[in-house]
Amino acid sequence: MAPEQWEATSQVSLTFEDVAVLFTRDEWKKLVPSQRSLYREVMLENYSNLASLGFPFTKPKVISLLQQGEDPWKVEEEGPGGFSLGLKCSQRTTKSTQTQDSSFRELIMRKSKRKEPWNMKSENLSIHEGKLEEKWDVNASTIERSYKSNELSPKSHREKRSSECEKQISYLSNPLGITPDKRYKCSMCEKTFINTSSLRKHEKNHSGEKLFKCKECSKAFSQSSALIQHQITHTGEKPYVCKECGKAFTLSTSLYKHLRTHTVEKSYRCKECGKSFGRRSGLFIHQKVHAGENPYKYNPGRKASTSLSGCQRIHSRKKTYLCNECGNTFKSSSSLRYHQRIHTGEKPFKCSECGRAFSQSASLIQHERIHTGEKPYRCSECGKGFTSISRLNRHRIIHTGEKFYNCNECGKALSSHSTLIIHERIHTGEKPCKCKVCGKAFRQSSALIQHQRMHTGERPYKCNECGKTFRCNSSLSNHQRTHTGEKPYRCQECGMSFGQSSALIQHRRIHTGEKPFKCNTCGKTFRQSSSRIAHQRIHTGEKPYECNTCGKLFNHRSSLTNHYKIHVDEDP
């Protein structure tokens, strides 16, 4: 199109006033900061779109103000309506109708909630430049003819101009006529998105691209928002605080779930026994008790049956991947695959230092820190470092003293629900973690893992000072205190300090007189379990300690040590 033709058509087709949205002073005051920000975004974007099409107009003053981050009006420049755009108007009178303001308010409220754009970005317009010019030729000539036929009747023109300009604005917003709901489709899984940025973020899930790396632990993420959320684990920051009880959380979603404990009644009721729950997930888990096992089986990777009733259908939308072995459900197929390794025993992630294998890459990364000595999670109170966020969270309880979960049997307060479950097994006698080699059972999986190292001979924890190795991290920590001389456990009664917490517990029994270990044969009690075991050999006649020189047997190690002195004295 020739420049003179562009100039002619632009005078009668579309000016910046046509796409500008006006607010009065009172209306502007009612907008919250996020809505004002969205207003700036839309105005600048509309101006950019018009400028990219070559419209011959000078930059309006409102655009200059918005680009500088200022409000779109100055007090001294206010017009009678309380708002001045600072525009150079054309022949026609630009009016801010109540309908237009109301429409924008609806749009701005809707976008602030849904986080969706109104129109296509300027770069998308340039992609379809050829089609844009073709469409513009048609619309420009149509509007020009309309203008000539009505140029003697300004009122008639203004009425028709409104509908024609709306068409042009609609075209600028969506040059290809694509529906605004879902425009962009992923070529890998055919999932659709409303904008290109969402599509690009989604495509990183397929490509595995992770551009955002944590400087503390080197963990990489595909999105910057995920990195920001992860970095809170290092700083220990908990910006979301419950106003009811003061408990703090790292995520807003965690705070939202917690608030339900204060505000939401137990509205999810089991039809079988009448028990109520505060969350649907609690009811869903409880219903498995009645069902015995989940009857809706499926092939791995396929979604579970949706032919469920009542609240189960709600959960099938949230957790749709079902494990055939135990009936647990998961939100994604990848979570199901990770879980199934528990049943199959598959451990594809192997440590290059000690050869230990893991079912998940995150477990391997955490394990490797044992060898490197890296402790990226640091306590903000005392500066102590930890290899995992879970260990840091457990440590923080020392400073805060928070204990929210009480045992119904003994009243003991515990800091987490998982700790409470393990503690309750003391009362029930349940030991679900069983060693496949010797059959010995344990209350928790960590105790089983440590026990299994007795069979494998694995000692992954090494002292950097003397090179001595240990089966568990706590043994290494206790040993390292022999080098440093550190004794952090102090008795409040007498002031005596100890290098191990177990030594302090045993020492306290001297002050309290407590002897919890009782011999079943004679009823004698002892402060230590080892003392009871040694005592019971009197009844059984067991003598496990043998002298290598003369073969004599003893029931105590100390007796064997004293016996060795006889042979030492006999040597010339």
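Each residue, glycine too, has its Cβ placed from N, Cα and C.
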Listed range which Swiss-Prot flags as zinc finger, given the options 23-45, 46-68, 184-206: 184-206
Lys238 (SUMO2 cross-link), number of other Cβ atoms within 10 Å: 15
Recorded stretch that, among 212-234, 349-371, 377-399, 489-511, has the most CB pairs under 8 Å to the zinc finger (184-206): 212-234
Recorded stretch, among 212-234, 240-262, 349-371, 489-511, maximising Cβ pairs under 8 Å relative to the zinc finger (517-539): 489-511
Listed stretch, out of 212-234, 349-371, 489-511, that has the most CB pairs under 8 angstroms to the zinc finger (240-262): 212-234
The zinc finger (240-262) [mean pLDDT, rounded to integer]: 74
